[in-house]
Amino acid sequence: MELGSDDFLPPPECPVFEPSWAEFRDPLGYIAKIRPIAEKSGICKIRPPADWQPPFAVEVDNFRFTPRIQRLNELEAQTRVKLNYLDQIAKFWEIQGSSLKIPNVERRILDLYSLSKIVVEEGGYETICKDRRWARVAQRLNYPPGKNIGSLLRSHYERIVYPYEMYQSGANLVQCNTRPFDNEEKDKEYKPHSIPLRQSVQPSKFNSYGRRAKRLQPDPEPTEEDIEKNPELKKLQIYGAGPKMMGLGLMAKDKTLRKKDKEGPECPPTVVVKEELGGDVKMESTSPKTFLEGKEELSHSPEPCTKMTMRLRRNHSNAQFIESYVCRMCSRGDEDDKLLLCDGCDDNYHIFCLLPPLPEIPKGVWRCPKCVMAECKRPPEAFGFEQATREYTLQSFGEMADSFKADYFNMPVHMVPTELVEKEFWRLVNSIEEDVTVEYGADIHSKEFGSGFPVSDSKRHLTPEEEEYATSGWNLNVMPVLEQSVLCHINADISGMKVPWLYVGMVFSAFCWHIEDHWSYSINYLHWGEPKTWYGVPSLAAEHLEEVMKKLTPELFDSQPDLLHQLVTLMNPNTLMSHGVPVVRTNQCAGEFVITFPRAYHSGFNQGYNFAEAVNFCTADWLPAGRQCIEHYRRLRRYCVFSHEELICKMAACPEKLDLNLAAAVHKEMFIMVQEERRLRKALLEKGITEAEREAFELLPDDERQCIKCKTTCFLSALACYDCPDGLVCLSHINDLCKCSSSRQYLRYRYTLDELPAMLHKLKVRAESFDTWANKVRVALEVEDGRKRSLEELRALESEARERRFPNSELLQRLKNCLSEAEACVSRALGLVSGQEAGPDRVAGLQMTLAELRDFLGQMNNLPCAMHQIGDVKGILEQVEAYQTEAREALVSQPSSPGLLQSLLERGQQLGVEVPEAQQLQRQVEQARWLDEVKRTLAPSARRGTLAIMRGLLVAGASVAPSPAVDKAQAELQELLTIAERWEEKAHLCLEARQKHPPATLEAIIHEAENIPVHLPNIQSLKEALAKARAWIADVDEIQNGDHYPCLDDLEGLVAVGRDLPVGLEELRQLELQVLTAHSWREKASKTFLKKNSCYTLLEVLCPCADAGSDSTKRSRWMEKELGLYKSDTELLGLSAQDLRDPGSVIVAFKEGEQKEKEGILQLRRTNSAKPSPLALLTTASSTASICVCGQVPAGVGALQCDLCQDWFHGRCVTVPRLLSSQRSSLPSSPLLAWWEWDTKFLCPLCMRSRRPRLETILALLVALQRLPVRLPEGEALQCLTERAISWQGRARQVLASEEVTALLGRLAELRQRLQAESKPEESLAYPSDGGEGTGNMPKVQGLLENGDSVTSPEKVATEEGSGKRDLELLSSILPQLSGPVLELPEATRAPLEELMMEGDLLEVTLDENHSIWQLLQAGQPPDLKRVQTLLELEKAERHGSRTRGRALERRRRRKVDRGGEPDDPAREELEPKRVRSSGPEAEEVQEEEELEEETGGEVPPVPFPNSGSPSIQEDQDGLEPVLEAGSDTSAPFSTLTSRLLMSCPQQPSLQQL
């Protein structure tokens, strides 16, 4: 978008007012207040208070309207004159059958109107040609010099303008006695001037608002068309700026030529206006010679652009027609072949008689000069805004408006500066080259569509907030009918004046220069949307503005004198200001008011999409302007909206209802009106008209009582005729009624001349009633007659002013102030009297001083009204003065009795007046009271006061009257307070110090502070802390000197209490050390027993399983522990916290727990043994039984049965044993066929709750426990567990040492040796030949089987994978060869072994006897091939996962190397998950031993398998009983247990050194 280069200079801003809430409550009063300032500018802006925000009350969904169409360059007066001229000249050429194109000169369209005006101003065409001043014409048209533009302008003028100007002058018309044209009739009523055919072009329903800025495009090829038959082509096509320039791209199609000579030239002469590049324009003609004398010769062009084609008349064969063909110019009929017949009037003209003469016979339609002139002078159609064809809602109009603005300015609507829109608006309205069309929803009736303000009616219920705005004076529905407004006396709802109009605007939509009807005020409120830009001219410059506009555009005002009243004409404010018209501007934003004053011209446009509401109102100061407006309308013969006389008379008929200022203004106006009416009726009598009749004009419609001459609405009187009943005139135009005789005319009147003065008198009484009242008030307030009026009389005067609605004058304000002051005095005097009666209990602070009492009495005497309360006040003053004298005497006589002073003080309080001596009395009394309080506080027998009391006494002492006794008491109080604060601070430091002081120091501080007679809170706190410390020490001594070592819980409680005490305690450090040692031991024990991330506590593991008998209970408890939901019960043995302190009770409870555990496991084994196996469950389709800790349905292959509880578990959910772990660790030389030594024993996680350390590991914990002076529940549980394990070990050794079992063990040894000896010849069978290596593979495989988990480098990864695979293949291959049992176990032997096996599996300790019994039981039954097969499958799956993880680790290592980082150790990465996933007792034992080695420094030696001949087994078994029975002494079990452990491990001499 390219904006114009002509800058618009904004006019100065109009006044802006921001009323306060007090001013805002009276709208018309505030407007009257600002009128002296704002009226000088014509318009002003008012910003309401910030919180005045009326709700928008329009029903948006139902609001539909049809806007007006506005073509911007039709609005501006000067632009419209140019476009009208272009219409006329285009019409001139069109009616002659020729087409016209507006040429471009210097890349801009030629302004033909300005060219014509300048030629006239320079002296005319002939003068300019004679003086060769065409260059000056080009200069005045702002063309650059030196480009021969003057010649171009002359050519264009000669071809286009000059013929039109000659026709307009009428120089070549025949002067004949023809009937005059219609427009020459005298007193013809002019129609409003406008642009022809504009309203015949309906706007398009689509794309109606596109900016047509680039319309000056290359000229289209001329199109031959029958213009007469095609009505569309008769319309004018635009090539310039606006819809008023006619379409100039068509040529008339040749019709039948009316020539006598068929041999005439085929191509008529043509005037050509041709546009060339660079603005160089030439005029060419197809004729070889020019047809205008004295003109320059022109070049020729074979391609004309503009043609004027004419034709000859028809050749008729009848002779009588030939005789009638006479030229209208020369009156001759010769050379009839040169005669032309006009298509309009059939007159004949010689082609050489025309001006200018035609060299040849023209073609097409031709009209004579007379017809051309008549057509050009035809009055145009009325100008006005067209209505759009589309109906909008607010939403659809807003979308259209925002879209138009955003597209036009190529930016979001809210980002377009208002200055840019303003400049662009005035550029567009002044341009004839661009045509922008917008729509404006103007003058929408709020009565029909609803107001934007809330309205109190019955249509809908209003909220309290809406009700407030509905009654506000600033509501535009309320303001016109306010009491001070004149329009409230008009009954009719005048739309636009009394009833608001609504305006929905879009960018560039404008309202033209105008003043309000009857020169009234107007107020406009912008509800929401983008700003509205206003321009205003004050009323003093209204006539100047009209003169300037008439001077600049006389063509418009000659035909329409009231053009400015039609709201269709703009003129640039800069143009007006350049001619001396004062103009102001403002941007009205949402929520702001704009007020225009009487006869203030205003105009403006909208910055974008918005919604405004406007209405008129009239105040008392408007009445003179309204009367002048009627006279102005009478001169312009404009219709009135209402009758001004009727309004005045209607207000005069009820003067009591008028505001006083309004009554005075109406009286003045009516006086002038009555005088004028007397003069006019007198003139009527002088004319001889005496007939009259009364007429109630207010009952007649306005159109029936309008003067037929000046259109004024009559009310007081009118002149009518009996013979011409259809019309009447006002008395100012009595000569214009009709031609009838005066005797037939009569006066129609509303009031007689006697009635009018009566009405005037009532107004005068109303207006002058204020003066009468004011005189009464003045006499009363000034006491001019020497008599004070009573209070009632003054109130009556004030009531009269209120009832008669007198104005708020200074005198009324004085009266109100006097009444207010008098009533205040009466009320105060009554309060003074009632205060004396109430006595000293009245409210403090209401007493007046003696000086105030004297002033009050003087104030009452000075008031202009009489009050009987003055005597009461005088009596009170006398009493106060007498009391003052007595008080002075009492104060002078020292020392006075305190009782006397107190009684005087109480008497003074009853007076109700503050006497200065009373304050001295009060100070003396307060001094005595303070000294007494200090004496009581410091007395030895008194209760000790607090520091706050001491400080309060010091503060109170500073305000009492000074005396030596007071000074001494203050000194004693200050000294005592200083000492007390010093000791309080010392105690505070002791309580808050980081380094705690010993009890002795605190005792010394407390002892010294006891001598201070003040209550010290910190010293008291120190006493309490010291008492708690002594009690704590006593508790420590008691617990340390008891029969047993103290429990850890007790010590922890004492430590917690001791740490909180602000006393340094030596015993606390000892207790903290003991607690720390106990915690360290418990942590070591936890590491020894508990698995990583175990869900069991140490105490739970060491104690017997309390819920071993219930499978569901165990499973649910295990699941809750895994989820972190289950919290273990500390009373695992069924003992309370107090019972746990007795070692004997703990041992007995542990024994009972063992028995319950055995019974429970037997019951559980019976229950689980009755369960079907997972394979059996698979065969039953409807089975929903669940197994394992996961609680899922059986998984088939991969399920294992626990050897202790006999329940089933998924191999993927639990840790499973490795088949060859025992082969590799303990018996590496045994052959694989010794299947009873395979590690196939499986204990579920519910049965194997801990790591199950060996006894030698437990021995170190017991030795450390024996050194602890603290008792732990875990320690005693460990002791009991060890006793239980040793007891089971003794019984197991006894059974293993029996002859039968010893023989069975020997048989197994022989069988193992025989299998070892037979293994070498079978190596070739076990491993088939591979690559030529037959028997050499077995040692390699055996080595791999022995060291399968020892991969330590990346090079061995592939080897390990191969060996692992071979291990599994080898085991799978030998399964069919397994057979058994290899031993025969008698039932007498098997039963004790199974019982021992079960009891040993319950122990959370690892014992070698357990393994020996397991091998015997395994060898005595067939091999469990199903379990072996399951273990093989699980191990295959695990190894496959290990290979996958290994490859991933290797890829990660390689990527790290590629990035330049240090590669990870693949062996370490591979072993880490294996150690985590390793299972079985051996794996856990390895992990356990590694951790224990870290704790003990690697001094844990291995314990060999005990032989059957151990002499200590029976001794250990026998020595256990006395230990279990003598549980009362804690030292005995520890010493005995340690010695028995040493006997159980005879090859560990180093244990004695522990």
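Cβ from N, Cα, C; glycine included.
What you are looking at is a predicted structure, and each value in this text was computed from that prediction instead of being measured.
Within the domain 'JmjN' (14-55), the DSSP-based counts of helix, strand and coil residues read 16 helix, 6 strand, 20 coil. Among the features that Swiss-Prot reports, domain 'JmjN' is placed at 14-55.
What Swiss-Prot records for 79-169 is domain 'ARID'.
Feature annotation from Swiss-Prot assigns compositional bias 'Polar residues' to 197-207.
Per Swiss-Prot, the feature SUMO2 cross-link maps to LYS205 (among others); the stated evidence is similarity to another entry.
Per Swiss-Prot, the feature SUMO2 cross-link maps to LYS229 (among others).
What Swiss-Prot records for LYS244 (among others) is SUMO2 cross-link, and it gives similarity to another entry as the kind of evidence.
Residues or ranges marked as SUMO2 cross-link in Swiss-Prot: LYS274 (among others).
Look at Swiss-Prot and you will find SER287 (among others) tagged as phosphoserine, backed by similarity to another entry.
Annotation comment: Swiss-Prot describes LYS295 (among others) as SUMO2 cross-link, evidence class similarity to another entry.
As annotated by Swiss-Prot, phosphoserine applies to SER301 (among others), with the evidence given as similarity to another entry.
Among the features that Swiss-Prot reports, phosphoserine is placed at SER317 (among others), with the record citing a large-scale study or a structure entry.
As annotated by Swiss-Prot, domain 'JmjC' applies to 468-634, with the evidence given as sequence analysis.
If you look up Swiss-Prot, you'll see SER893 (among others) marked as phosphoserine.
Feature annotation from Swiss-Prot assigns phosphoserine to SER897 (among others).
What Swiss-Prot lists as SUMO2 cross-link is LYS1127 (among others).
For SER1353 (among others), the entry in Swiss-Prot reads phosphoserine.
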Helix, strand and coil counts within the domain 'ARID' (79-169) (DSSP): 61 helix, 4 strand, 26 coil
Tertiary contacts of the domain 'JmjN' (14-55), as residues 6+ beyond its ends and Cβ separation under 8 Å: 453-454, 465-466, 469, 472-475, 479, 482, 484-485, 521, 534, 536-541, 584-586, 588, 591-597, 600-602, 617, 619, 621
Secondary structure content of the compositional bias 'Basic residues' (1442-1457), with strand meaning DSSP E or B: 16 helix, 0 strand, 0 coil
Segment confidence, the domain 'ARID' (79-169), expressed as mean pLDDT: 85
